[in-house]
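Per TrEMBL, these features apply:
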TRANSMEM  38-60  transmembrane segment
TRANSMEM  72-90  transmembrane segment
TRANSMEM  116-137  transmembrane segment
TRANSMEM  181-202  transmembrane segment
TRANSMEM  222-244  transmembrane segment
TRANSMEM  250-269  transmembrane segment
DOMAIN    357-539  domain 'Callose synthase helical'
DOMAIN    546-616  domain 'Glycosyl transferase 48'
DOMAIN    617-1199  domain 'Glycosyl transferase 48'
TRANSMEM  950-972  transmembrane segment
TRANSMEM  1121-1143  transmembrane segment
TRANSMEM  1227-1247  transmembrane segment
TRANSMEM  1268-1288  transmembrane segment
TRANSMEM  1294-1312  transmembrane segment
TRANSMEM  1332-1352  transmembrane segment
């Protein structure tokens, strides 16, 4: 990949350097010959690669076979031959050679032949041509890997190492063409942009600068005779070269956004994203549910779908849908009223129309009544046409009529009363059929009838006394209204029903409807019908906003939308693949005690109050609940299904059999194993928290019989007469009151002492899982009942063949449910959502490089058990254990897919420090991945385009991030060199440059690396796809207003620091992020410890660079140009220095600022030592910060020292600009500056020694020493000002000059720690470090103090950090806390309200 980019860059520079600068110049003979020189570069780069292969594998040569060593040597020899032959051949084809080409040309002698180089290139390209042919013929490649032919074995031996892993990774031709097309389009766009925007604009200025002659330097120039201003050319081109190698990452973001959005649209994502869309398509939801989630019977498969089967399908849908709605009510996401509006009747398919949920039919009956009352026409058809125009209104009218008829008929006991109701209904039906409804019924009386019916229904669902008499009275009133006010010939009804009592009707009226079935009110099914009818009658407003809760809306719309997505047909439960869920657990809180829930932080905010602002978390046991319901629907008869799953009477033997069989089958298909690594230790511990965790886990096992807990048991046993620790993996389940042991497996040793804790925690428990599939779930994940219904479908994906391969890992999408906690949580939620959706979607198809990025993926359990498990657990190198299981699966011929019709909830870090620790852990893990053999093998075995996909979606993202920051450094140090040396001034003031604005154009091109903003495109696309592009635009704007750019820029620094440190020194470690509920204020000392080296030091360095560039170039440079170039850099500096405090709760509250300063001073002054924690003493923290240098090799130390030398350029350049230097260019000026530096360090050493030796016992002598030093300083400064011409500006310039030098000496001292300890200078290095920490702390703390003076800043920050509801709660809690202190006797903590 790097060879390709280098050769492409060389070719573009050659074309751009041609007179025309057009891409068509390639067809010019001379330009084409020059472009052919890229093959010489290729030969040298291949030679470099062969050399590095030998050097980096040198330590392994002892274990290599002779054939492997021979392969390394032959590759080195062949590369060396080509590195000699191609330059000789090229030189022989050049006319009138000069320089190095002339040298090779003379060496070539009689080989001068213009076609010789072409022959060499043709032979050189033969292996590449063969590779291209094999690339487009994957079956041939697979056959060659398995072939025993000697010639094929020889070719394979030369092409790749002989290993079992990494064979058979070739994709089918269709997949290959898809990701090849993707990368060809991307590379064309990237190279075109690089040529026209980055390279071509620089060629003109470069030619002008090369032709200039500059002799007037503003410092001592060691190489004044160097021609062509090479230093300026390097300073201008270096950032552009780095951008060229980095911007492919940006182009990947753009193309992945486009392709991912198209793929998502074709996958039907976001087709139902609002309640309006749900209402418009709900009519087709039951049929989609039947097609996806209901197993097909033989009759349905043959196409014999009759009306009975259709009604059964609707009944089954209603059971699943209603359980879904009830689960949201239990989770308190919806109210009782909203639940009733969303439920589908269990008997939905029994009437003449489908009984839709009331939220679809709300207000339809009142509107129909008003429509009928105000109808002025005389034809029935006109009225019915208006009603039928709204299909839901038509359905509601018919359902309301039929339900009312059935309810009244069920209530009445007397046969004559029932006959009267039947006759009235017959009159209605006949009049409608004969189109005489308006002529036989008065519509003006319908509202009065509706009011009476509402009164009747209210009585039926109430629990008041005298219900029977009240119902009878209302029934009699209803009959009177119907026969006298609504029906024109109502008396005829009585004649037909009771012809003998027509004459004395008035006397008999009171005797009608006197006997009713009052006990029906206690029947659940009948009562639900009454409630539903009441809702249809009384809900007069539209239910378009039902439910109100945004999370409930999201779950409903996603579930219904997923029913229209492509997924396998669900099998019967008894035929589905069995599966297990595995969750690793260490010491996280399992359940909160009442005391923990009510415990307040310093702001008076309790955990209970905080939890009320986010959504409750359920668990994986929804899988079992879903399977039980699905079993019941398959085993039960039509009558049982129509009666409702919730109406099961386990006392009835037939229904109890269904229930028991459902539970048994669910237990066979599902097992949940939690690997509680320290459960045994917690069980034996006397610690209160450990005992609490043990009891909580035990309670969960007793509550959920399907839950299993695996742990590591440590015992003392006698082995050959000696006591020895023995370790077991133990599986337990809940018994009657305590846990019961099921299995015990002896282990060879403590697993967590061998590898990383979490992967070993999974590996020791995986043997206890059952079934063909295994889903990995983390402690911060949630599950939803409606998604659990689709588990049968997704497991069927393991059986689908993809061009001869069956999936080994099924990737699932996640929903980040912590996005509403704070603005930071929202940023992380959007970022993570874009990765687990559009990011992984494009990785799986078309790029074919999706791996395992953590939970909740589903593994082919048998495949992975026989190939090393689901986690690699080697210390340090497998810090990010999840992705290595994906590497392992791919290297061993696995196939990984991604599916978005099912999702699992996930909680992300919500606090600034939590997020930073997580990003640091991931960056460390990616650094270790870069150094791992897995990445090396995948990179070598993938074809070129799949390798590009692999690189830019794994370690390449972090490397590109590092190059982005490195570009800023290279740009600013290049500008520093130009401005301090005087070269920039000389060039800008040159007439030819000044008129053409050439250098300004060159500087303007540096801004291209500011295009990193395009990396947020996937996030915007995914939000637009699933929630609408107007919402996506609004969210993007709001995120910017809430300083999302500041947050992401800050996290860029976190990634770069920890990734770069891991690459240089290794030694990454697991960082516990503590994913709890962050409602506390982080102290300044905590932030300083966490971000000092990763952000503050680098931010201050960039600040000094920008100030120096501005100060010493201000006199001749336009300010608009300066700000245009450096705006993004100032933004980066501000973000790195102050983002931790902007996103720190109550970070600008005055009292907390005072407390933070006191705490920081105490921490800085405390002495360290053995056993002193880093958070207690600066010295202990300082030693811990250098831990990476203790374990690094000589290469890492040398690189650290070399990088530290960059700080010496400040002193060298600035001292020549001091007024006291009097424009002298002598090297003595620089020498004298070092004398000043040495004197300053000597004084610091004297004060340090005096404090240690005389500070306690000889206070007077120490004071005299300080007085003498002060008088000496005043005397020297007076002489310098009066005699030498020292100015005030020189003093400030000296700070810019000498502060970086001191920091460089400090870094060199830390890298050479052993040496400086040996010569006794280590304590001086430590004191110098303490001084610098004080200065950095003061510089960063001063703006915080100033902002804390203004109360509105703290209030604005609170609004910025938290959503509106929590912001109000925070302020109220503070007020309450103050009032409580005043009252004294009041309990502390906010009172939660539902």
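Using N, Cα and C of the backbone, Cβ positions are placed for all residues, glycine too.
Curation does not apply to TrEMBL; its annotations are automatic.
For the domain 'Glycosyl transferase 48' (617-1199), the predicted model reports an average pLDDT of 85. Stretch with the largest number of CB pairs closer than 8 A to the transmembrane segment (1332-1352), among 38-60, 250-269, 1121-1143, 1227-1247, 1268-1288: 1121-1143. Beyond the ends of the transmembrane segment (950-972), by six or more residues, the same chain brings 1, 238-239, 242-243, 245-246, 248-249, 252, 839, 843, 847, 849, 851, 883, 923, 926-927, 929-930, 935, 938-939, 942, 1006, 1009, 1012, 1052-1053, 1055-1056, 1059-1060, 1098, 1102, 1105-1106, 1109, 1129, 1132 to within a C-beta distance below 8 angstroms of the stretch. Here the transmembrane segment (116-137) sits against the transmembrane segment (38-60); at least 3 CB pairs are under 8 Å, leaving out pairs fewer than 6 apart in sequence. The stretch from 181-202, 250-269, 1227-1247, 1268-1288 that makes the most Cβ contacts under 8 Å with the transmembrane segment (1294-1312) is 1227-1247. When Cβ-Cβ distances below 8 Å are used as the criterion, the transmembrane segment (72-90) is approached by residues 36-37, 39-40, 43-44, 46-47, 49-51, 53-54, 57, 101, 104, 107-108, 111, 116-117, 119-121, 124, 158 of the same chain, each at least six residues removed from its ends. When Cβ distances are compared across the two stretches, the transmembrane segment (181-202) makes contact with the transmembrane segment (250-269), since 3 or more pairs at least 6 residues apart fall below 8 angstroms. Under 8 Å from some Cβ of the transmembrane segment (1268-1288) lie the Cβ atoms of residues 1219-1220, 1222, 1243, 1246-1247, all in the same chain and six or more residues away from its ends.
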